[in-house]
Amino acid sequence: MYSIWKRFVKKDASSDLTDRIQRIREFGVPQHIAIIMDGNGRWAKKRALPRVAGHHEGMKVVRKITRMANQLGVSALTVYAFSTENWKRPKTEVEYLMKLPEEFLGSFLPELIRENVRVEMIGDFTTLPAHTQRAVQKAIDDTKDNDGLVLNFALNYGSRAEIVKGVNNVLKDAQKGILKGDISEDVFSRYLMTSTLPDPDLLIRTSGEIRLSNFMLWQLAYTELWFTEVLWPDFNETHLLEAIEVYQKRARRYGGV
Ligand code: IPE
Ligand code: IPE
Ligand code: MG
């Protein structure tokens, strides 16, 4: 009797989730979701674990959220994994973070290939350690023909560095005569690392910090922002659904009425 009841409850909960996902899909999902994954260190500290344990747990959450974004039919998911300012952290922590892409992709890449996910990266690739570059490059190469969800890692990424690099490339192209006269916002956008992606529709930041920390300053001009106290390693699929439901209730006016 008890087990029948338990089975019934379980089925009910999962069909509730399926209905919820279905409703969200029908309403229109954000095309591009960007996430500032924050709070790994505090999650570990609360458990008297080293900070890197929080990063390890956070990596598993990226996997869960990627699967859910794919299931929802989101076009692009950008995850802020390492900022240009994060080099200031202790050497051992930085070294651990630089090994995470290998660990993450080592086990997850076959699924990404199978599930039609395309891996991309924004940030300064050239100053990453060689082993990190190899792992990221392999994922990009092995998924380049996929045309489903784009899983975009912001790795060694800083928005100001990105903008300055864009400006320098504009100057070079102007000198070469490729650009003539004033440039438009659209043209400038093509000089950013996100040139192939639409601007994010929804930005999520976890851990209760209400700031952008040098993330996509240009691209977030009209993005809907959603902040949560939840620490990244505790973030789950239901939190993502909640964020999207809030987003769907917002009126995006873009300065109009
Ligand atoms: C986010 O978690 C991950 C990275 C910035 C790499 P943190 O490591 O910033 O965690 P907190 O903010 O110290 O809790
Ligand atoms: C932002 O988080 C960078 C990433 C999530 C990769 P930080 O933890 O580095 O940001 P601050 O220092 O709180 O602004
Ligand atoms: Mg932080």
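A Cβ is built for glycine as well, from the same backbone N, Cα and C atoms used for every other residue.
DSSP assigns D38 (active site) to coil, not to a helix or a strand. Counting every protein chain shown, the Cβ of D38 (active site) has 22 other Cβ atoms within 10 Å. Under the heading active site, TrEMBL lists D38.
Per TrEMBL, active site, proton acceptor is recorded for N86. N86 (active site, proton acceptor) counts 17 other C-beta atoms within 10 Å of its own C-beta, drawing on all protein chains shown. Following the DSSP three-state reduction, the secondary structure of N86 (active site, proton acceptor) is helix.
As annotated by TrEMBL, Mg(2+) binding site applies to D38, E224.
DSSP assigns L212 (substrate binding site) to coil in the three-state reduction, outside any helix or strand. Sequence-distant contacts (6 or more apart, same chain, Cβ under 8 Å) of L212 (substrate binding site) comprise I36, S159, L220. Per TrEMBL, the feature substrate binding site maps to 39-43, R51, H55, 83-85, W87, R89, R205, 211-213.
For D38 (active site), the nearest neighbour among the listed recorded positions (N86, W87, E224), judged by C-alpha distance, is N86. Working note on the binding-site residues W43, W87: by count of other C-beta atoms within 10 Å of each C-beta, W43 ranks first. Long-range neighbours of H55 (substrate binding site) (same chain, six or more residues apart, CB within less than 8 Å of its CB): N40, E93, Y96, L97, L100.
Among the recorded positions D38, G39, E224, the residues whose Cβ lies under 6 Å from any atom of ligand 1 are, in sequence order, D38, G39. Listed in sequence order, the residues of the same chain lying 6 or more apart from T84 (substrate binding site) and placing their CB within less than 8 Å of its CB are G123, D124, N156, Y157, G158, A161, N214.
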